[in-house]
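Peer 1: One structure is given below, represented as structure tokens, and several questions about it will come after.
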Amino acid sequence: MNAHSKEMAPLMGKRTTAPGGNPVVLTEKRPADLTPTKKSAHFFLEIEGFEPNPTVTKTSPPIFSKPMDSNIRQCLSGNCDDMDSPQSPQDDVTETPSNPNSPSANLAKEEQRQKKKRLKKRIFAAVSEGCVEELRELLQDLQDLCRRRRGLDVPDFLMHKLTASDTGKTCLMKALLNINPNTKEIVRILLAFAEENDILDRFINAEYTEEAYEGQTALNIAIERRQGDITAVLIAAGADVNAHAKGVFFNPKYQHEGFYFGETPLALAACTNQPEIVQLLMENEQTDITSQDSRGNNILHALVTVAEDFKTQNDFVKRMYDMILLRSGNWELETMRNNDGLTPLQLAAKMGKAEILKYILSREIKEKPLRSLSRKFTDWAYGPVSSSLYDLTNVDTTTDNSVLEIIVYNTNIDNRHEMLTLEPLHTLLHTKWKKFAKYMFFLSFCFYFFYNITLTLVSYYRPREDEDLPHPLALTHKMSWLQLLGRMFVLIWATCISVKEGIAIFLLRPSDLQSILSDAWFHFVFFVQAVLVILSVFLYLFAYKEYLACLVLAMALGWANMLYYTRGFQSMGMYSVMIQKVILHDVLKFLFVYILFLLGFGVALASLIEKCSKDKKDCSSYGSFSDAVLELFKLTIGLGDLNIQQNSTYPILFLFLLITYVILTFVLLLNMLIALMGETVENVSKESERIWRLQRARTILEFEKMLPEWLRSRFRMGELCKVADEDFRLCLRINEVKWTEWKTHVSFLNEDPGPIRRTADLNKIQDSSRSNSKTTLYAFDELDEFPETSV
């Protein structure tokens with residue numbers, strides 16, 4: 001028997017006395033008191049953005065209104081003992097009565113049994129509130145409970161008590177989600193307890209099971225909370241450094257509702273700008289730097305994805321990109337492709353990340369052991385002039401999904417004309433234009449011009465109405481050999497155009513029709529014109545007079561299509577864009593509103609006109625709906641008259657409607673159209689040079705696709721460079737003059753320019769004419785005693 005009755009009470013049941021005050025009795029709430037009423041529960045759910053019965057559909061995007069650590073959670077099953085949203089730990093403390101045989105003692109025993117059932121809640125509450133001593137006592141109680149129960153699977157029981165069954169969140173995750181001054185000590189206690197009970201590996205690598213945060217571990221949370229010391233402790237304790245967080249919250253599809261970082265802890269540290277943790281993870285032998293997520297993206301893909309259009313974020317992304325690439329020393333890391341077949345370079349181009357794209361294309365590493373990681377190599381420098389070799393791997397059209405094709409053909413990129421000004425893209429396109437594209441463009445212009453001339457002559461010297469159509473192959477004075485050859489040429493060329501443009505239309509994407517600079521509408525008008533020509537020729541050969549309608553439309557479209565070839569001149573290239581943009585944006589909107597007015601007022605005015613007499617002498621020009629619409633159209637263009645129609649039911653009302661119509665259309669709508677067209681022309685004029693360059697780039701690639709493979713290989717740009725042993729790359733030489741950057745020491749490859757050949761554009765392009773066609777990058781390095789400056 002105990003000497004004092006108080007010794008029978010557990011430690012948690014003792015009175016607590018405040019310093020200098022009277023003892024305070026902490027009583028435990030009844031289960032009924034712990035259960036919120038229906039009204040109060042609904043009130044708290046509304047605060048957190050929940051609904052009583054949430055309905056999730058597959059089509060609607062998820063709304064992440066509930067954080068990873070929420071203290072307000074629904075209990076739909078009726079059994080809330082496993083929930084990780086505990087009440088205050090003080091609610092579990094009760095005063096032990098002095099008499100063990102009294103009814104209050106029996107009640108205390110029952111309450112003790114209830115506290116054991118709520119042990120999980122109390123552990124979660126202790127770790128979230130930073131109660132170190134209480135956590136030690138609770139873990140000791142849990143360990144004692146395991147010892148008293150025989151035949152118990154201790155590891156499973158402990159994991160059950162330390163893990164929330166509804167989300168898979170452990171008390172370790174709970175502690176990391178609620179950072180406080182005691183968090184480090186709590187983490188140490190939990191890890192020591194797990195190791196002592198042989199559940200460390202399961203405990204530290206437990207993953208979220210909730211759909212939103214599925215796969216997230218304690219290591220991910222520690223990194224996200226920027227806890228470097230705790231991260232190091234977790235890694236040393238055996239945390240999985242290659243775990244993948246695949247929850248919906250981390251899906252790039254919902255990037256505006258969540259955060260995509262590449263799933264792995266290393267990618268998370270890199271995307272949140274934590275270089276110390278990145279270094280810590282990369283020094284760990286277990287870390288797989290080349291790990292790819294469920295979309296095939298590696299860490300470099302993830303960095304490209306999180307880059308934005310403001311300088312601060314781009315700067316840290318570039319630093320992280322550099323750090324990871326240099327520390328890994330693995331060139332293949334940047335050549336890995338995701339599930340869409342894109343490397344980090346190609347992904348930057350597809351997403352329109354101009355700053356990151358510029359950084360990758362012009363990255364130059366001067367240290368000799370790591371020089372193979374560069375994409376730019378300075379061959380020689382003399383004063384302000386330097387000659388650089390740009391790596392064309394995945395840039396030129398010789399590879400699938402090349403950067404050049406992605407930028408030119410991806411109409412979803414708003415700043416693609418800006419990216420085409422980057423090197424080596426700008427010089428590469430310029431070289432292609434001068435080498436073969438301008439000659440092909442000129443030949444195409446000549447053929448189409450001759451085609452239109454021939455079509456016009458054949459149409460002009462056709463049989464007139466008073467002459468019968470000849471037999472298709474009857475060579476008489478009405479159809480000479482010259483006219484027959486002309487028709488055959490027109491038919492053959494129109495057939496070629498229809499086949500070529502038909503294939504182009506078939507390959508068009510819906511987004512191409514939304515862009516003025518995609519040439520989609522030119523493909524349509526070229527195809528329609530060719531089909532009209534073919535149709536008119538066959539109708540004529542079979543003596544159908546309806547051929548004339550097709551022929552007239554074909555001639556009009558044929559000469560209008562000559563506007564396509566204005567892109568060969570910078571001063572005229574923007575006119576076709578202006579016309580397309582005015583028609584598709586301004587005129588179509590005007591016509592929609594105008595037709596509404598025209599139909600409405602036409603019906604109203606025609607309804608006011610009385611029926612015409614049989615002699616039709618006093619018939620009004622507004623007598624029918626079609627006549628009224630025609631007269632209103634004349635008023636719009638200033639050819640109609642504002643006359644009072646005496647044979648109308650209400651002449652004054654009729655005149656009032658006419659005046660209102662003129663004000664709304666002739667005065668208001670037409671002037672609005674003129675103002676909108678003026679604004680469109682002004683906006684296009686500001687971007688005229690960039691628009692012209694994008695037009696020309698698309699034309700160059702279209703002509704390049706028409707070349708046979710053997711001819712395309714002859715026109716391949718660049719020169720073969722040896723970067724390292726068995727590492728040869730195709731590089732483009734670009735000479736640059738930078739008067740603002742004088743170089744006292746540059747990490748270049750050759751000591752002088754060597755013999756060079758003059759080109760038409762010496763300051764931009766310089767072809768090497770050295771005796772060896774292969775440029776060896778290890779040929780020369782300067783002495784180390786001079787201070788090195790950036791190139």
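Using the three backbone atoms N, Cα and C, a Cβ is placed for every residue, glycine included.
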Peer 1: Answer with yes or no whether Swiss-Prot records Tyr461 and Phe715 within the same membrane-side topological domain.
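Peer 2: They are annotated on opposite sides of the bilayer.
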Peer 1: What else in the chain is close to the transmembrane segment (431-460), if you only count residues 6 or more beyond its ends and a Cβ gap under 8 Å?
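Peer 2: Counting only partners 6 or more residues beyond its ends, the transmembrane segment (431-460) has Cβ contacts under 8 Å with 483, 486-487, 489-490, 493-494, 533, 551-552, 554-555, 558-559, 561-562, 565, 568, 696, 699-700, 703-704, 706-707, 715, 717, 732, 760-761, 765.
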Peer 1: Report, as numbers and ranges, every residue of the chain located at least six residues beyond the repeat 'ANK 5' (298-330) whose Cβ falls under 8 Å of a Cβ in that stretch; write 'none' if there are none.
Peer 2: 252, 260-262, 264, 266-267, 270-271, 273, 275, 278-279, 282, 289-292, 336, 338, 342, 344, 347-348, 351, 353, 355-356, 359-360, 363, 365, 369-370, 373
Peer 1: DSSP-wise, what's the residue breakdown of the repeat 'ANK 6' (340-362) into helix, strand and coil?
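Peer 2: Counting residues per DSSP class in the repeat 'ANK 6' (340-362), I get 15 helix, 0 strand, 8 coil.
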Peer 1: Mean pLDDT, the repeat 'ANK 5' (298-330)?
Peer 2: 85
Peer 1: At a 10 Å cut-off from the C-beta of Gly638 (Na(+) binding site), count the other C-beta atoms across all protein chains.
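Peer 2: Around the Cβ of Gly638 (Na(+) binding site), 9 other Cβ atoms lie within 10 Å.
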Peer 1: Give the nonlocal contacts of the transmembrane segment (650-686) in its own chain as ranges (CB under 8 Å, at least six residues past its ends).
Peer 2: 574, 577-578, 581-582, 585-587, 589-590, 593-594, 597-598, 601, 604-605, 608, 632, 635-636, 638, 642, 644
